[in-house]
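Peer 1: My structure is below; once you've seen it, I'll send some questions.
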Amino acid sequence: MTQLSAAQTPQRTPADGSRALYGGKINRRITVRDITAAKERGEKWPMLTAYDAMTASVFDESGIPVMLVGDSAGNCHLGYETTVPVTLDEMTMLSAAVVRGTSRALIVGDLPFGSYQEGPVQALRSATRLIKEAGVGAVKLEGGERSHEQIRLLVESGIPVMAHIGLTPQSVNSMGYRVQGRGEEAAQQLLRDAKAVQDAGAFAVVLELVPAELAAEVTRTLHIPTVGIGAGPDTDAQVLVWTDMLGLTGGRVPKFVKQYADLRKVMGDAAKAYAEDVVGGTFPQDEHSVH
Ligand SMILES: Nc1nc(=O)c2c([nH]1)NC[C@@H]1CN(c3ccc(C(=O)N[C@@H](CCC(=O)O)C(=O)O)cc3)CN21
Ligand SMILES: CC(C)C(=O)C(=O)O
Ligand SMILES: [Mg+2]
């Protein structure tokens, strides 16, 4: 029987998961091609938002493979009520900071409300700013069938696009923050939206606030990865807003959030300890002084 020499042995995915997006050995900037390969291996991956260089560097060092500079910066970083007022200038500045703070994560820049709704040419002009001025590796925009022409032109122009369907917060003034895809008709619309963004060339799609069973069906149907937020456990990836999951967001957070830390308490307690030291005269001490 003929033995295959090493040179003839077909290349396979290493069984040790060395190419894994999380916990693997990718020592360079992750690309959309790495994301595509992860779905072929059936690998799940985590995504977090980031809005500044320092926070992004912490997540980068923790191995988070994909970061979204979300327009949730509107309410989580810039003090607006919603994502609606966020401008492309603001997203460009925040995205550039996140790119500067990271060396490994794929950075996805969210196109804000008003920067792509006019049509494909406006979308291309806006996405080009995030690519050239901020250095993001991909952009995200909201809408399924209604955004397929925008997605197609960006992809044809060489810009990887992450789509976003289900609850699309930029449409809060018309749809509110309600669960999407409940009932047979709405479920069929969500499936049409998912197929439309895949056909237009999106490399991944966010499913926000849709029933878990429907998100699982979309995930089985599509060949591109699904990224769930409030979409149950059976999507290919998950995303959370970083201030929600670390307990920094003031006020109410959506029910789908799991809180992994209480940064609001940590930071508040530290600020109070500092204030008491200053008022009581116990800071600074000699070790904090120059002579
Ligand atoms: N801090 C924060 N976290 C987010 O996840 C987030 C933002 N901001 N801003 C942009 C969008 C808006 N998102 C939202 C906003 C509200 C709900 C919400 O109120 N959901 C209700 C369920 C509503 C229903 O049952 O129909 C909830 O109680 O979670 C969900 C997602 C998700 N995104
Ligand atoms: C919640 C995610 C998907 C988002 O679009 C954002 O943070 O802006
Ligand atoms: Mg967003």
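Any Cβ shown, glycine's included, is placed from N, Cα and C.
Pulled the feature table from TrEMBL, pasting it below:
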ACT_SITE  Glu208  active site, proton acceptor
BINDING   Asp71, Asp110, Glu142  Mg(2+) binding site
BINDING   Asp71, Ser72, Asp110, Lys140  3-methyl-2-oxobutanoate binding site
COMPBIAS  1-12  compositional bias 'Polar residues'
REGION    1-20  region 'Disordered'
Peer 1: As a check: which entries in Asp71, Ser72, Asp110, Lys140, Glu142, the binding-site residues, place their Cβ less than 6 Å from an atom of ligand 1?
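Peer 2: Passing the 6 Å Cβ check against ligand 1: Ser72.
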Peer 1: Just the recorded positions from Asp71, Asp110, Lys140, Glu142, Glu208 whose C-beta lies under 6 Å from any atom of ligand 3, please, or none if there are none.
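Peer 2: Checked recorded positions vs ligand 3; flagged Asp71, Asp110.
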Peer 1: Sorry to bug you, but what's the C-alpha spacing from Glu142 (Mg(2+) binding site) to Glu208 (active site, proton acceptor), rounded to the closest Å?
Peer 2: 10
Peer 1: Is any of Asp71, Asp110, Glu142 (binding-site residues) within Cβ reach of ligand 2, i.e. under 6 A, and which?
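Peer 2: Once distances to ligand 2 are taken from each Cβ, Asp71, Asp110 fall under 6 Å.
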Peer 1: In whole Å, how far is Ser72 (3-methyl-2-oxobutanoate binding site) from Glu142 (Mg(2+) binding site) when you measure between their Cα atoms?
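Peer 2: Distance (Cα to Cα, whole Å): 13 Å.
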Peer 1: Are there any residues in the same chain, six or more apart in sequence, whose C-beta is under 8 angstroms from the C-beta of Ser72 (3-methyl-2-oxobutanoate binding site), and if so which?
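Peer 2: Listed in sequence order: Thr49, Thr83, Asp110, Pro169, Val241.
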Peer 1: Going along the chain, which residues six or more apart from Lys140 (3-methyl-2-oxobutanoate binding site) have their CB under 8 A from its CB?
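Peer 2: Once residues fewer than 6 apart are set aside, Lys140 (3-methyl-2-oxobutanoate binding site) is near Leu68, Val108, Gly109, Asp110, Leu111, Val161, Met162, Ala163, His164, Val206.
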Peer 1: Within 10 Å of the Cβ of Asp110 (Mg(2+) binding site), how many other Cβ atoms can you find? Include all protein chains, please.
Peer 2: 29
Peer 1: Below 8 Å Cβ to Cβ and six or more residues apart, same chain only. Which residues does that give for Asp71 (Mg(2+) binding site)?
Peer 2: Thr83, Val86, Met91, Asp110, Leu111, Pro112, Phe113, Pro169, Gln170
Peer 1: Around the 3-methyl-2-oxobutanoate site formed by Asp71, Ser72, Asp110, Lys140, which additional residues qualify by having Cβ within 8 Å of the site's Cβ center?
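Peer 2: Here the non-site neighbours turn out to be Thr49, Leu68, Val69, Gly70, Ala73, Thr83, Val86, Met91, Gly109, Leu111, Pro112, His164.
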